[in-house]
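Some notes on the structure that comes next.
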Amino acid sequence: MKHLKGLLLPALLALASSAAAKDPLVETTPFKNELVNLMYFDDSGVALVQELDNGKIFRSHDAGKGWKEIKNVKGLGIMKSPYDNKVALILGEKKHWITFDQGENWDSFETELPPSPQSPVGWHAQDNKKILLNEIENCFTAPCLGRTYYTTDGFKTDPKVLVDNRRMCQWAKASERFLQGMDKHDDRILCITRGKYSDRSKDFRLLMSDNFFKETEEPVMSSGRTVQGMANMAAVKGYIVAAAKAEHSSELALYVTQDTDSWHHALFGDHKIEEDAYTILESTNYSIQVDVMTSKYVTMGNLYTSNSNGTYFTKNVEHTNRNEAGYVDFEKIANIQGVVLVNTVDNYKEVEKSGQSKKLKSRISFDDGRSFEKLTVKGKDGELHLHSVTNLHNSGRVFSSPAPGIVMGVGNTGEFLGKYTDGDLYVSDDAGLTWELALEEAHKYEFGDQGSVLVAVFDEGDTDEIRYSFKHGRKDSWQKIKLDYKIRARELTTLPDSTSLKFIVYASRKKDGGGREHVIVHLDFSDILKKCGDSDFDDEWSVRKDADGDPSCVMGHKQLFRRRKWDAECSIGELFKDPVPKFKPCDCDKFRDYECDFNFTPAGEGKEKKCEPGESFSLPKGACDGDAKSYKGSSGWRKIPGNQCKGETERDKQVERECKDAERPRPKTDKITSEITKFKGSNFMEQYYLERNTQSDGKDNERDKDETVVMLTDERTAYITHDHGKKWKKAVDDEIVRIYPHQYETNNVYFLTASKKVYYSKDRGLHDSINSFEAPVMPNTDMLPIMQFHPKQKDWIIWLGGKNCEKVGNKDCHTVAYVSQKNGEDSSWESLVPFVKKCAFVWREAGRSVKEEQVFCEQHTNEEKNAPLELISSDDWFKKKDVKFKSVVEFATMSEFIIVATKAEDNTLRLDASLDAHTFAEAKFPPKFFDIHQTAYTVLDSSTHAVFLHVTVNPQRDQEYGSIIKSNSNGTSYVMSLAAVNRNSEGYVDFEKMQGLEGVAVANVVVNVDEVNKGSKKKKQSRITHNDGADWEPLQAPEKDSDDKPYDCDVANREKCGLHIHGYTERADPREMYSSPTAVGLMLAVGNVGPELSTFGEANTFMTTDAGITWKEIKKGTYAWEFGDQGSVIVIVRRGEDTDHVYYSTDSGAKWDLYQFADHKMRVEAITTVPSDTSLNFLLWGKDSKELFAVNLDFSGLPEFQKECKLDEHDPTKGDYDLWSPQHPLQQDEPECLFGHVAQYHRKKRDVKCRNGQRIDQMHDIARNCSCTRRDYECAYNYERDSSGDCVLVPGLSLPDPSKVCSNKNVKEYYANTRFRKIPLSTCQGGTEYDKTGDVHPCPGFEEDFQKNHGVGGFTLFLAIVLPFAAAGGVGYWVWRNWDGKFGRIRLGEPGGGSAFDSDAPWVRWPIAAVSGLVAVIAALPLVVGSVWRWVAGRMGGGGGAGGYAGLGGSGYGRAYTSRSSFARGRGEYSVVDPDEGELLGDEESDEDV
């Protein structure tokens, strides 16, 4: 139990009580160890407590007077049901206990793994036998996912597994007010689980089930679509709130439901909600209250309150005080509606600017937060300030208890809140309206007997006194209990409802002989006071706030309590009976009792607030029919549901509204529009899309409608547009030399000057959000990447600058790497290492278990400028460094593996790979590669659980070609996939994966290798694979061209008359791709039909809609293309000659229409749209005589796109979509079986007129797995395919001894050699399993284990085989981008938004679900939760990354594109990732580098 050490005692969460008189009874019980989890069962005298060091649990049945150990039970923590006062759980490592009679009897049950450290138990609010139990999450491969069990009989029978791969689960009825009194959804459970086919956090889904996940439903949000990227959820009063996080953004979308059937998108006006930056607070029965952090580095927030259905949030308080853990100084006074205490930061400007320490002031509201005022002390001028939730000194609520109107706190008078130890104890008996000094010095305090007794104990050191008052704590009413010893109080508590006259003080005292012992002091005031009579009560006490002394109206009524008079020295003595208020209705008030009606949006605040029709506003039935000019409709206001005010106001009445304002304004035109903007300059240097969070449906959310592009011209002027190029403005008024968008946070962008000044925005340049910081030194001048970003910690930046480089030619000029953990702000730069070529953060979401601080750098040996490079590593910002490799040419980090190219003594390259950034293993290449002088590698792709690597065979200029080899699923053993693949001198390879589909790729091969080796020109043909490189074949040419004429060769003979298309090596713009991730199965290309690929000038434009099986020629000549609205519209524009028009198709290329965008011809260089291809806007970039231009094309006005497409996942073909399954052209039997399964994708029906809108999840389902056939296998290591397609041993090789793997002591068995290995993507089952043809044998010494364990599970195999070989697994979607001209084409993987943190398990310390009114801290639970159990070492975690078209080698600077893709061609799930993946690892020109 050592792992429980260091947990603070704070335990009970909403406790309270009191004490007083002649001689209260005092009983002391000593304990041997420190205590935690002191808690009462509600409405009883039964308490539990736990010893920290050994987990022993003790029970008291008489309110802490006597204690007995519960035999044979030792736990990690205690969880008490918040809804049943007889039920509690003791959680052990694997054995747990439950009681249904307040701990008199305990029944045990077991789980396979220990409980989750974060949220181990889910209680059902209405059935005490229904419980969820969450096991500890597996964070080994990240993001952390775990198993949840359920019971419906209170663990009388063994718990059953609910779901295996969940982020979190809860009952729908997880809070008392949710569906209260409704007889539905009793068994409904909501879980956030792994994606349908992915473990990445961006794919997490919210699923519901009414039959324990035998069947599930994914709820649709207010957009009518399901939402991926679900991060968290919490039950708050009558609401459930779920948070979704978009990829490449820390911004969250909040969704709220009151019944789990319909969900609303919560809108916060202009404010964005970010992960780890908001706290859902204790809310009212009719609204949700959320505190939103205003700055990443300053713990301050703004408090927002929702309307009654949780949709619109308005700001109530600015600059609330928060702490790092997400706790907020906010408390609703218990039992009294409308009274709220907060602490705000007075010097917020100085705190934000210079990090000055905070000056706090306390404020109180009596109208539910609509207005706030100072705290005043009776008879004194000046303000009172109190310590609140961020500085807890006791369990339970901070200020209040169910005792009506009696409030206490520790604080001081003066200008600001001082130190706790300088504070005194203050009390108010009018709910905070006025205060008086109760006791000098800081004290812990409690309320008892509905406020008749107040107890306090000194809290600044040891004391031998306990103080109590029977007169509401008035100054001279405090009496003393003298103890025989001095104690240091740790906790003071009583019954949660504060009705008891018995209290418990948990404390420590000095022991004889040194040291301290722990004691529980029981205080009993029962026999001191007489029982109160009727005359001792005030029957209608209330918070008298109005100027005339009338009770305040909250929610349309006054609240009245029967309360003991302050000077009546008697006890109420109604044990376990909570004070219940009476209500009197008030007259309705138009400001206080109303909110905006449905489909109306609030604008303005306070008395200026208006309710205006929202975008989804629609006319009442029959209104505006015929010639009607007006209609009667809602005033825009409605009475807040649940409000009990009487009478009517003008806001209840319908108003006359004009018909012309009623409907949502249609687009100004039903045609395509274009807008041309001219710019000075000769070239566009860089352009980037900053794509908004596509997760939020944005229907009513103005801040989510922008389509932002930033652009730099060669005049060093940066421009920005928020409407996709209709209007442009200068981004900053300064000379800009580079633009860096943040790879992992699409809201962030950086504008670099030639000096140290850097401009940046964290909100896509919206809302005047462009600020600046000073870099430590000017940018480097060596054409090296200047900025590197962290996949998870979005404010961590590595800056590669130049020192002593101000003067050109200075010999002392060299590179230095710096790091900032504060986005470069507040002079936060630390020096890392000098003389470096590149540095990169190593942490990734997918399973690389390293510290977030881990950095790899390439540094010149001995810090000498021209010395060879070393690969060095550090996880403490290079206070210590570890040299991993010498003579390094290049390294690349992908999502799951790191590869390093080093130069051997014979000048050949060697490739090493690592899974964990610590242990590296040399890659095993096909045997005949050992004869090749390996001069360059290009990493092509690893999106299909295997790495594709191009190894250069002929490096001679203009004659380059090489072989594509493909790895096994852990990236270390390679086999031949395709020989003689074309490459150019910059390391680009003619190879491209089809986006959005598994296993389809196109490559160009050199067919006259022998002649080329003798100096001849290359002849090229195109090849396509439909099974991830196992089989390649020529492309099938169409029978006729676009003029309906046959080609002049026999297209049936594909070898001599195939379709050949131009690839990367010849593209004028390497940013273009054949396909789009959101237009599944569609590809466009330029090429020709014939025996070989001809010149670009002779090419025409072709298209396929079935993933490359059949093609058709769509236009003569070469065109550039873009996909819009996920393939709903395709736009093509003439390339390489002047034009004034584009063609577009809205039916997947069946028909093409012309649109003229200019009155004269201009030269168009490129066409672009948002990376996810979800927009109906496009940009043409080009030159018109001496000016640059950008043309916006807007297709959103077309009638075809006026309604949104309907998609029902349960009946997908019912609406506007079909299901489409890709096929393999060579498979006669079951051609739709690809990779062992039939995949089904959503595709919009060709003839429907609607827009896709919000991005849809293209993959619908894996319909079924297929039986294994030869197509599911490729040749194993040491084997190659012969002309008949069989796998034969490479000539001249003898087979290695398979038992040699037994030399590794972790390996217990081996397979005999087989000729085949399964394609890593394949999920086939049964049939003919070609890779199992070799028998499995035990290693010597493991025969017994072999017999016992045969068929060991995948996870064990993973540990036994992958880790011992330090394998590198290449998984991740890759897209590309181009960085710094030098690095050429980069395909990069996908950053994630995961997060991990080490923390003490909060439930071990705090057994109830709220800390001083804190109901749920969504932001303080990042998306991935780290483990605290002692047996799970280190930081497990999620985040992101992936690999790219990393040319591995070479120094040649390549194309003159100075951008990363110039258009962050991240395209949805394929996204911009590591700049380091863009480099050629080794090259014939690279000798000078080492």
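Here the Cβ of each residue, glycine as well, is placed from N, Cα and C on the backbone.
Feature annotation from Swiss-Prot assigns compositional bias 'Acidic residues' to 1474-1490.
With a cut-off of 8 Å between CB atoms and residues at least 6 apart in sequence, the same chain places Arg177, Lys237, Gly238, Gly642 near Asn285 (N-linked glycosylation site), listed in sequence order. Residues or ranges marked as N-linked glycosylation site by Swiss-Prot on the basis of sequence analysis: Asn285 (among others).
Residues or ranges marked as N-linked glycosylation site in Swiss-Prot: Asn309 (among others). Secondary structure from DSSP puts Asn309 (N-linked glycosylation site) in coil.
Annotation source Swiss-Prot lists N-linked glycosylation site at Asn970 (among others).
Neighbour density for Asn1265 (N-linked glycosylation site): within 10 A of its CB lie 16 other CB atoms from the protein chains shown. Residues annotated as N-linked glycosylation site in Swiss-Prot, with sequence analysis given as evidence: Asn1265 (among others).
Annotation comment: Swiss-Prot describes 1016-1048 (among others) as region 'Disordered'.
Sequence annotations record features per position, and here Swiss-Prot assigns region 'Disordered' to 1465-1490 (among others).
DSSP assignment over the repeat 'BNR 1' (97-107) gives 0 helix, 4 strand, 7 coil. Sequence annotations record features per position, and here Swiss-Prot assigns repeat 'BNR 1' to 97-107.
Sequence annotations record features per position, and here Swiss-Prot assigns repeat 'BNR 2' to 364-374. Long-range neighbours of the repeat 'BNR 2' (364-374) within the same chain, counting only residues 6 or more positions beyond its ends whose Cβ lies under 8 Å from a Cβ of the stretch, are 284, 287, 289, 303, 305, 316-317, 337-342, 383-384, 431-433, 543, 545, 552, 554-555, 592, 606.
Taking the repeat 'BNR 3' (426-436) as a whole, pLDDT averages 92 in the prediction. Swiss-Prot lists 426-436 with the feature repeat 'BNR 3'.
For 719-730, the entry in Swiss-Prot reads repeat 'BNR 4'.
The annotation repeat 'BNR 5' is assigned in Swiss-Prot to 1102-1112.
Here Swiss-Prot flags 1143-1153 as repeat 'BNR 6'. The helix, strand and coil residue counts that DSSP assigns across the repeat 'BNR 6' (1143-1153) are 0 helix, 4 strand, 7 coil.
Residues annotated as signal peptide in Swiss-Prot, with sequence analysis given as evidence: 1-21.
The topological domain 'Lumenal' annotation in Swiss-Prot covers 22-1354 (among others) and is backed by sequence analysis.
Look at Swiss-Prot and you will find 1376-1405 tagged as topological domain 'Cytoplasmic', backed by sequence analysis.
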* To do: Give the number of CB atoms, excluding that of Asn309 (N-linked glycosylation site) itself, located within 10 Å of its CB.
  => 20
* **Distance [Cα-Cα, Å, rounded] between Asn309 (N-linked glycosylation site) and Asn1265 (N-linked glycosylation site)** => 44
* Residue counts (helix, strand, coil, in that order) that DSSP gives for the repeat 'BNR 4' (719-730) -> 0 helix, 6 strand, 6 coil
* **Local backbone state of Asn285 (N-linked glycosylation site), from DSSP in three classes** => coil
* **DSSP state at Asn1265 (N-linked glycosylation site), helix/strand/coil** => strand
